[in-house]
Amino acid sequence: MSAQEQELFALAKEARESAYAPYSDFKVGAALLGESGTIYLGCNVENASFGLTVCAERVALFKAVSEGERVFKAIAIYAGSKSVPPCGACLQVMAEFGDLDILLFDSKGSYVKWRISELLPQAFRLND
Ligand SMILES: [Zn+2]
């Protein structure tokens, strides 16, 4: 694991502390590295109307896009004891901005690395 990946892991872990998950108690943190070098954090935010819940990955991505970032290098995701890949909705939303590394960590510090194109090879795109 590179020093940058370790930093992203630590930040995803930190972001998880802010998760608002009173219904599922399933807390997730994400740290998204933009091409500019800026790292955007996200956590899941649940709602009493369950369908309105937003995942940590999309919170981080929307923060980044709203601040002008459009190209991304990697996203680290931390959900606690076991590594959990992004859901289909998050993969689709991230694929809008190109391919990037997805780093999945668990509480033991082990991790796996994927590319979005591996997890969602046929992402929906308007301009391909
Ligand atoms: Zn998701």
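Just so it is clear, glycine is given a Cβ too, placed from its N, Cα and C backbone atoms.
On a predicted model such as this, the values are computed, not experimentally measured, just so you know.
Over in TrEMBL, the protein carries these features:
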| type | residues | note |
| --- | --- | --- |
| DOMAIN | 3-127 | domain 'CMP/dCMP-type deaminase' |
| BINDING | Cys55, Cys87, Cys90 | Zn(2+) binding site |
| ACT_SITE | Glu57 | active site, proton donor |
Rounded to an integer, what is the Cα-Cα distance in Å between the residue listed as 'active site, proton donor' and Cys87 (Zn(2+) binding site)?
9
DSSP says what for the domain 'CMP/dCMP-type deaminase' (3-127): how many helix, strand, coil residues?
40 helix, 31 strand, 54 coil
Select one residue from Cys87, Cys90: among these binding-site residues, choose the one with the most other Cβ atoms within 10 Å of its Cβ.
Cys90
Neighbourhood of the Zn(2+) site (Cys55, Cys87, Cys90): other residues with Cβ within 8 Å of the Cβ centroid, in order?
Ala56, Glu57, Arg58, Pro86, Gly88, Ala89, Leu91, Val93
Which has the fewest other CB atoms in a 10 Å radius around its CB: Cys55, Glu57, the listed recorded positions?
Cys55
